[in-house]
Amino acid sequence: MSDAAVVILAAGAGTRMKSDTPKVLHSLAGRSMLAHSMHAVAGLGPRHLVVVVGKHREQVAPAALQIGEHLGRTVDIAVQEEQRGTGHAVECGLAALPADFHGVVVVTAGDVPLLDTDTLAQLIATHDAESADVTLLTTTMADPTGYGRILRTQDGEVIGIVEQADATESQRAITEVNAAVYAFGVGALRSALSRLKTDNAQGELYLTDAIALVRGDGGTVRAVHVDDPALVAGVNDRVQLADLGAELNRRVVAAHQRAGVTIVDPATTWIDVDVTIGRDTVVRPGTQLLGATAVGGRCEIGPDTTLTDVTVGDGAQVIRTHGTSSQIGAGAVVGPFTYLRPGTALGADGKLGAFVETKNATIGTGTKVPHLTYVGDADIGEHSNIGASSVFVNYDGETKSRTTIGSHVRTGSDTMFVAPVTVGDGAYTGAGTVIRDDVPPGALAVSAGPQRNIEGWVARKRPGSKAAAAAEAAAADGDTAAADRAAATAKPAPATGE
């Protein structure tokens, strides 16, 4: 479809969303609605792609250009200065095309997120096969409220579209509706647009009126009925956004299941459209896989896990974990209750256990951080073990510094690494050690001094407390026990003769 142009209408105010964010930039399944529309039409390979913006153009136009860059194609921006209706918006879009363009013009909207390339391709194929001047998508809805109704002759020919506000009672009973997706011959479109009028309930230039004008000129009008209404459903408010988001998620989840992924509870599992998952992976309830997350094969993910832009290697287990912009190596085990902040890279067969938080940290193959530890701005080698309750002290209030831990290192519980500091390969640290200076390879670092017990401190400093009473009772019990032990071990007195 190289000799074609696509015009995406994204100029509406979207007032029913009641949001400072433009309607077409609201997201579902990891993409804005505009991005969904642009991905669908980009699959057709059109020569020109025009996005018409109006209100909120300062947000919508840059977003459209960024999406185009991601898709690797040029996007032209057309501005609708005044909101004068869909017909006027398309006219603004045509102005962005070269004057000598003579191909097919596909018109769609930026708020139809489930519309796919296959449906658009079917529209184009029918348009070409029938040598039509205009071809439109229609669907049938149980509740057609808000949609334009399709008007047909007794023999089924499409003769026009009537908008809800202008429809009679009998016309409002029609359940076949306009999907607002069209393929026009550019000549027929230009001619019809030049004759649109505002004599309607909204006082606007309706693109839908172009259908009757083309037919009145003797042009060929064809329709493609879409049996799945969700594919062409639009979004006007947050209720519809949530409904379509749930429907899209259901389809995404089902596609992964058919590809060999076990999803235990689809109702509580949310997967963005750009996520990839390998075969024989099990996704447990309450899991969200978001953004560009890529999960390998034979993994176990969840329950109650959220991963955003995280790469998970084959055979890894990730349990009750929240992770963002991180990497988890093959065979690694993460969780439960682990927090992976951006920049975390866990090597193959590594472990990050309960209540471990990591940030901007590289953790080598086979290294374990089992529990209750913060690892920030650190590089840890292979097959090391970080004891419980250790803290990588990376921030002095002004500057963040890195800690480097070698391979085959064993650190005792409650070790503090005050960055910048380096611990050499094979070194050990004692429990409760504060590492302020580098530790040579193979050394044992101990910073705690000898333990000192201050006898009677509680009785003197906390008299009358429960602690003092318990200590006094223990002391008394100890004296009694000592006396009993002394009696048991005492030698009997020597016998005397009489």
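Quick reminder: no glycine exception, Cβ is built from N, Cα and C everywhere.
On a predicted model such as this, the values are computed, not experimentally measured, just so you know.
Here Swiss-Prot flags 1-238 as region 'Pyrophosphorylase', drawing on sequence analysis. Taken from Swiss-Prot, the feature UDP-N-acetyl-alpha-D-glucosamine binding site covers 9-12, LYS23, GLN80, 85-86, GLY148, GLU163, ASN178, ASN236, ARG341, LYS359, TYR374, ASN385. Residues annotated as Mg(2+) binding site in Swiss-Prot: ASP111, ASN236. Per Swiss-Prot, the feature region 'Linker' maps to 239-259. Swiss-Prot lists 260-498 with the feature region 'N-acetyltransferase', giving sequence analysis as the kind of evidence. Taken from Swiss-Prot, the feature active site, proton acceptor applies to HIS371. The annotation acetyl-CoA binding site is assigned in Swiss-Prot to ALA388, ASN394, TYR395, SER413, ALA431. Residues annotated as region 'Disordered' in Swiss-Prot: 470-498.
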For the region 'Linker' (239-259), the number of residues DSSP places in helix, strand and coil: 20 helix, 0 strand, 1 coil
Among TYR374, TYR395, the most crowded of the binding-site residues [Cβ within 10 Å]: TYR374
Site of maximum Cβ density within 10 Å, from binding-site residues GLY85, GLY148: GLY148
Surrounding residues of the region 'Linker' (239-259) on its own chain - C-beta under 8 Å, 6+ positions past either end: 17, 26, 28-29, 113-114, 230, 233, 266, 269-273, 275, 277, 279, 283
Densest Cβ neighbourhood among ASN178, ASN236, ASN394, SER413 (binding-site residues), 10 Å radius: ASN178
Set of same-chain residues at least 6 away whose C-beta sits under 8 angstroms from ALA11 (UDP-N-acetyl-alpha-D-glucosamine binding site): VAL52, VAL53, GLY54, LYS55, ARG57, GLN80, GLN83, ALA89, CYS92
Confidence summary (mean pLDDT) of the region 'Linker' (239-259): 98
For ALA388 (acetyl-CoA binding site), nearby residues of its own chain (Cβ under 8 Å, 6 or more apart in sequence): PRO370, HIS371, LEU372, THR373, SER413, ASP414
Among LYS23, HIS371, the one of these recorded positions whose Cβ has the fewest neighbouring Cβ atoms within 10 Å: HIS371
Whole-number Å value for how far ASP111 (Mg(2+) binding site) lies from TYR395 (acetyl-CoA binding site) (Cα to Cα): 46
Densest Cβ neighbourhood among LEU9, ALA431 (binding-site residues), 10 Å radius: LEU9
Cα proximity to ALA431 (acetyl-CoA binding site), best match among binding-site residues LYS23, GLY85, ASP111, GLY148: LYS23
ARG341 (UDP-N-acetyl-alpha-D-glucosamine binding site) to ASN394 (acetyl-CoA binding site) - Cα separation in whole Å: 15
Residue pair ASN394 (acetyl-CoA binding site), LEU9 (UDP-N-acetyl-alpha-D-glucosamine binding site) - Cα distance, angstrom, rounded: 50
LYS23 (UDP-N-acetyl-alpha-D-glucosamine binding site) - helix vs strand vs coil (DSSP): helix
Winner by Cβ contact number (other Cβ atoms within 10 Å) across the binding-site residues ASP111, ARG341: ASP111
